[in-house]
Amino acid sequence: MKTRDSSPPLHVHVPETTPVHVHLKRSQKSCTAKTPQMKIKEVQIKGDIGNLRARARSRAPWVPAPGRTSTRDDAYKWEVLELLAPHRYIFHPMLWTFLTFYIDKDPLFLTSHRYNILHVIIRYTTNVDFHVSQGPSYCLEIKPVSHAKPSLSPLQLTDLSDEDKQEQRMHSQCNKYRRKIDGLMMDVGSPKNYVRLWKKERMMEHQSECLSACQRVIDEQEEELLDANKELDLREREKISIQHSLRKRGEAGYNSAYSGTLHGERHMLLRKLVEAEFDGVAVVTQLTALNESMGGVKKDKRLSKADAALLSRQQELLTKKIETFESTNHTLQELLRECHEREIESLRTSEQRQGLLKRLADTEAEKIHLATKLNNKEKEASQLAVRLDSEKDIVKTTGELSKVLESTCSQLMVQLRSKETENDRQAGRSKEMEQTQEQQKEEIQALLEQLKRQSKEDKESLKLTNQRQRAEHSEDSARHLSAQMLEKETELAEALTSAESWCTRHSKEVTVKSQLEVEIAVLKNQVSELTAQIHTVEEKGHPEREGLLDQLHRLTSDNSSNKLQNQKLKITLSAAEENLMQSQSEAQQLKSSVKKLESQVENYKRKVQRARLESEEYCLKLEISEKHAQGMKADLERESEQVRRQLLGRLKELEPLPERLKRSELQLRVAKEETQTQERRNTEQNNALSELRHKVEQQGGWVETFQENHFLLVEEHNNLQQKIEIIERKLEGANLQNRDMVHVIGKREETIHSTQKQLEERARECSILSKQLEQAFKDGQREADQSLERALFKERSIQTKALDLESQLGLRKTELSQLRRSKEDMELRFQNQLKNMKERLEQSDSTNRSLQNYVQFLKASYSNVFGDSVLSSSLHTHLPI
């Protein structure tokens, strides 16, 4: 049994028109109980002592950063809550939660621009007027209001649980959408993707630069090939002209020399043969004369002095004629040998000429073959240029596709951001709805608790007091409860209207989301198609690049082989030229050869001048190309710097995004904690509602109207459950669609990874191509340097040849002068020898005459002394001799 002192505060039902004036007595035990006037005074005193200064704001309430709190705001917040805590039973539970929530967020909430709205809400819900005195300090004053507006439609309890469930589901669905959108943001809108796109752009630019460098190298090689073709044509013409001139000169010189030599040899042979014939005839005549003289001597059998003299003379003449015949025969043999040797040499020279002609024909055939190869290479170079143009077009298309992808990504980012903002708004609205529902649930729980307390108190009071007092108290409590129920019904009607409005808005937003998802699906399909096109382009470009690389290798190998062949041909041509020069130098020993050599020297000098001019032109072209390359490099560097600056600006713009995301995550965490607390409160309110229902069933007849309302609420609850089931089905369909979207996004991510891998492979291939192109460029520079060195070497060799020819001319001139001198000396010697021979012959003739005279003297003396026998014997002895 409880006493009256421990009873709860009294509830009185008074009509709205009658003013209320209540006197309360303070009990001895409950020292904490105070009158409203004392509470108002305490509030005023605390407001004056606290000197709470608040700044009136026109903007939204400031929310401090996570981890940082203001001590002044905390003090103000706790002071306001302490001031309002004693008056909690006056406030509606929903209003109390609303006030605590917003004061916790913004301690200066009552002083902000939303104070008028709060003032109106408090006045119409609690019949109490709150007034904040303006001035240097804001003071909160609570004053009762004499009149209140009539209440609206009754409250329906079934709406609370249905709306709670529906809002919980909507909140969970919104959280799922947020997570998916965050995942998409992390996949699409992160700075890493921007960096990857930037790297892809740089790779594409690098590929385009490599292709342009390839085209430049190919153009330079084509120019070099054209120059080489021109040089080969000029050399072929020069060689053809040299061959014709050599053939003409060789034929003319050989024919003239050969005809001259043959004519001189014929004359010499004829002379020698005539001389030999004459000598033979003379020998025959001498022999006949000797025979005749010998026959006469045989007939006479006596030798006279005249006969002996004739015989001796004939003998001498025979010996001379025989000697001359032998000399002529010897000279004839020598001439015949010389002619035979000359014929052999002529045959050898003819064979050599035939071999040289065959070599020249072979070289001409090789030149024709090389010309065909050069034509084929020119065709291949043209094909390579066409392929390079096609690759450039492909690179341009890929760049355009990358730009389109960037634009689509930016559009998706904008759409995602707009969706995020909408979702945040919806989340805020759902939070507000949840807060209102929690406040309503708290109010219902408070009412149920009050009813429980009242029922207990009524039971105790009925046991202690009379039946009249019980009836009065029950009537008063019933009236008060009916008034409170009417007020709650009005509040629930307002909440239902707001919930319906929120449902309509949510349906609209769901439709908008479905449209956006369809648009996202279309965009993703476009992205997949673009990626497929990029894959096809890359697959097509890969074999073409491999073919181009193979062709480049082949061209380099063919160029090296052609260079080796050209070197060999140059060596053979130099050897042939040397042989021809030797043959010319050997054939042309006279002044005509000297004049021709001088003319050739002049031609060589002209060629040297031409080669110098060509080398200077090549040097100028190389300088111009180097300057052009430097200018292109500078332009490329400028463009790269501009792109870097743009990308750095984008990165700077994207730097505050992670901080914003962190803030939004912290806000979401705070909201989740609040939702958890509200869910706990909802559970407590449900328990309180169950207890209230039991009490209402005990009271019976007093709460028939409440039961009717309850049945209506149950029916509405069933309707709402059916609606919730329909919404759940829709949500399941949306979840299935979201799962499909997740699968599609995963597949697209896989395609994106594959494209990234392919792009990396392509970048590697481009780096390899760039290295090869650099090597080709270096090889081209080396070849140019080698060609310049060769030209210089040719100039030096030509100069050395000219100097050698001049020295040879000087030597030949000195040799001619020496030969002339030696000839004159030989002629003088021969003349001297002839003179000496004549003198010796005259001396020998004189000695022979003296000897003949001496012999004749001896014969005469012998004949006189010895007689004819001695003469005959002497004749016999002299005849065989």
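Placement of Cβ uses the backbone N, Cα and C atoms for every residue, glycine included.
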Quick check on the annotations: TrEMBL lists coiled coil for one of 43-70, 211-238, 351-378. Which range is it?
211-238
Per TrEMBL, which of 121-148, 177-204, 261-288, 513-540 is coiled coil?
513-540
As a quick check of your reading of DSSP, tell me how many residues in the region 'Disordered' (415-442) are helical, how many are strand and how many are coil.
28 helix, 0 strand, 0 coil
Sequence-distant residues near the coiled coil (816-854) by C-beta distance (under 8 Å, 6 or more away from its ends) are 309, 312, 316
